[in-house]
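For reference, the structure is listed below as structure tokens.
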């Protein structure tokens with residue numbers, strides 16, 4: 001069975017209730033490929049999660065942008081996986097490069113978070129990616145492999161994991177990895193998973209691309225054999241997010 005195309009929209013720390021309502025209305029009215037062609041998940045800030053979930057069309061789903069590494073308790077400011085499950089939130093994004101950089105989240109911490117979220121019944125979009133310095137030093141694959149290894153060491157079942165490759169140098173910069181550059185990393189990452197986790201997982205796990213994806217470049221990126229979708233930042237707040245969702249048809253044509 002082929003890997004179903006996956007498009008995630010990461011709204012990051014953006015939006016007012018009026019803006020959020022506008023985006024949701026736009027998505028609800030959009031004509032996009034059916035659920036059997038593309039899986040669509042949007043990730044608003046915590047405060048808007050129930051609002052978006054209640055308003056959003058039934059064939060789209062919501063994700064939190066983070067959750068705590070273990071059971072809730074005396075962890076001021078954190079949100080636990082159990083709380084998300086209680087609210088009926090099916091997905092969570094973990095290990096985003098902004099959190100790795102700004103909040104010093106280590107590979108091991110992201111691995112622990114992923115394992116705990118999965119154990120509570122959440123599905124995980126697990127982010128990996130290299131900085132510009134790491135790319136220029138020729139260590140892209142080793143960096144991405146180390147990030148993935150930290151997850152593989154804690155997780156045995158990959159059914160509910162989507163891996164998002166986001167080169168840090170391409171996030172919000174307007175620079176985008178060329179389709180060939182992105183495909184190369186996706187191919188190498190899938191190969192690493194095959195050799196270190198198993199051929200079944202490598203064949204079925206979706207590896208999506210993030211990093212300045214927009215309506216103009218999404219079709220060409222979607223045409224690459226190892227790119228199974230996108231994690232979209234800035235463009236997920238704009239009408240062009242609909243065009244990115246439509247790029248899923250490249251796979252089914």
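Glycine residues also receive a Cβ, built from the backbone N, Cα and C atoms like all the rest.
These come from Swiss-Prot:
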BINDING   10, 12  substrate binding site
ACT_SITE  96  active site, electrophile
ACT_SITE  166  active site, proton acceptor
Between the recorded positions 12, 96, whose Cβ has more other Cβ atoms within 10 Å than any of the rest? 96
If you count the other CB atoms within 10 A of the CB of the residue listed as 'active site, proton acceptor', including all protein chains displayed, you should get 26
So residue 10 (substrate binding site), by the Cβ count within 10 Å over all chains shown, scores 26
Could you say whether, by DSSP, residue 10 (substrate binding site) belongs to a helix, a strand or a coil region? strand
Could you round the CA separation between residue 12 (substrate binding site) and the residue listed as 'active site, electrophile' to a whole angstrom and send it over? 10
